[in-house]
Amino acid sequence: MAAANKSRVAFLLNPARQQSVHPLSSPPQPRSRRPALPPLLDETQHPPNWKIESAVQELISIEFEQSCLAGPLPALRSQCQVEGCATAAVSKGLCVRHGGGTRCSEPGCTKRTKRFRRCYMHGGFILCSAEGCTSKAKRFGLCWAHGGGTRCSEGGCEKLSVKGGLCWTHGGGIRCRVENCGRRAYKRFDDCCEGHFEPDVSYIDDEVFTF
């Protein structure tokens, strides 16, 4: 069949529709995936250098242990510098008995401070918080009579402990350092009872020194 004459009126009025040509669309790009994490090591797998690290750590531990056991541990507090005194130093290389620590602010008093820059005898204490009580507080803001202490650890004893968890009857507390004296001693009296305490006398290893 002869090709259609493009000069005919019917062709001119109704031209053949040309198929639109579209460029080939590119295929969809795959979404980027996160890199896969390496699997966790189980008990039978180790990194390449784990043997070296383990050996080094073991050597460090052994060396540290040997250095700790090589000699005695250093003392936390130094000893009093006064010859013959075995008491621990408080300050300036001296114990309280030989001038270490702070002193009471009361004129003429050389005792060590307890509270409010004063010694126990010059107001360095607080009163019992129980209503109407004028005794000195020992513990928890209360005096011994109102529960400011601990009970004796001896079975069945209701008395308050003074030292070592025991009451005075069961061996608690300290006795006067004067020979053959069994009365109660006090730190403020240089480990003597009140009757044997002399301010101008110092006791070092049970020897009496007069100043």
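Using the three backbone atoms N, Cα and C, a Cβ is placed for every residue, glycine included.
For 1-46, the entry in TrEMBL reads region 'Disordered'.
Per-residue pLDDT, averaged along the domain 'WRKY19-like zinc finger' (79-100), amounts to 84 for this model. The domain 'WRKY19-like zinc finger' annotation in TrEMBL covers 79-100 (among others).
Taken from TrEMBL, the feature domain 'WRKY19-like zinc finger' applies to 128-148 (among others). Residues 160 of the same chain sit 6 or more residues outside the domain 'WRKY19-like zinc finger' (128-148) yet have a Cβ under 8 Å from a Cβ within it.
What TrEMBL lists as domain 'WRKY19-like zinc finger' is 149-172 (among others).
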